[in-house]
Amino acid sequence: PFFVNRGGLPVDEPTWERMWRHVGRIHPEGERVAQRIRGAADLPKIPIPSVPVFQPSTPIPERLEAVQHYIRELQYNHTGTQFFEIKKSRPLTGLMDLAKEMTKEALPIKCLEAVILGIYLTNNMTTLDRFPISFKTHFSGNYFRHIVLGVNFGGRYGALGISRREELMYKAPVFRTLSELIFDFEEAYRRCWHTLKKVKLGHCVSHDPHSVEQIEWKRSVLDLDKLTREDFRKELERHARDMRLKIGKGTGPPSPTKDRKKDVSSPQRGQASPHRRNSRGDRRPSGEKKPADSKAMPDLNGYQIRV
């Protein structure tokens, strides 16, 4: 049943409330049915997929296949109920906590959840670049949206993700350019009778699971109705070049957590100057100096700044 996790353990209360509200809309005794199934002792146990663990010598392509296999074992969520609430504006550390919860609950997921899970499971692959790729397509008078996690290893592009369609999720890192990867997705959509309308490309995601940065979801927004085929290819390669330059020069925004630690250990900071001394209200006009008062200075021996 979709409202118990694969290990037969109770799901957190907010998730249960969301499930019951959904069931209640389509079944008059939804909550009672959920409780009856939840308390049943004769239900078969559903195996929980194991989170992949790698040896240091395992090649990156094999690791990506194992990560994709794990995502696929969770299965696509066809229930219509969103089990995990993902806000794109959350910092990376919060999204990684949510990904850890996904591995514990082992519930079916959708494409955005698969992207967050893919980032979480590839954080230790520091030679792998990860960036989000979003698609907007048109079919039978309706628009559809999909997202995957683009990857780049050794100059070869691929993707991780989940979809109702086999050809719209995993791509092995064999594509020489980013445009080849996107064109392969476009052809897959064409075989599903979808017309690709827009592609949104984000920048590379930090490998620091404790970073408070936000994921940059749409650095480049490419409207295919306004671009020729050649211009579309050029824009894709320009984005790929920008990502390489950002990684090569290290010009991307550093993790605020790292900046904070760096400031604490900086020798230029006053020996007895806590963090709050730098607040805007405590700043003095240029040229005004506070006279040193040895009596007013507290004894800070053993004082520790909590970071």
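Every residue, even glycine, has its Cβ placed from backbone N, Cα and C.
Remember, it's a predicted structure, so these values are computed and weren't measured experimentally.
As recorded in TrEMBL, the features of this protein are as follows:
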| type | residues | note |
| --- | --- | --- |
| ACT_SITE | CYS111 | active site |
| ACT_SITE | HIS146 | active site |
| ACT_SITE | SER163 | active site |
| COMPBIAS | 279-293 | compositional bias 'Basic and acidic residues' |
| REGION | 241-307 | region 'Disordered' |
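Recorded features from TrEMBL, shown on the structure.
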residue : record      : Cβ neighbours (10 Å)
CYS111  : active site : 21
HIS146  : active site : 22
SER163  : active site : 18
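Calculated from their C-alpha atoms, the gap between CYS111 (active site) and SER163 (active site) amounts to 6 Å. SER163 (active site) is 8 Å away from HIS146 (active site) when you measure Cα to Cα.
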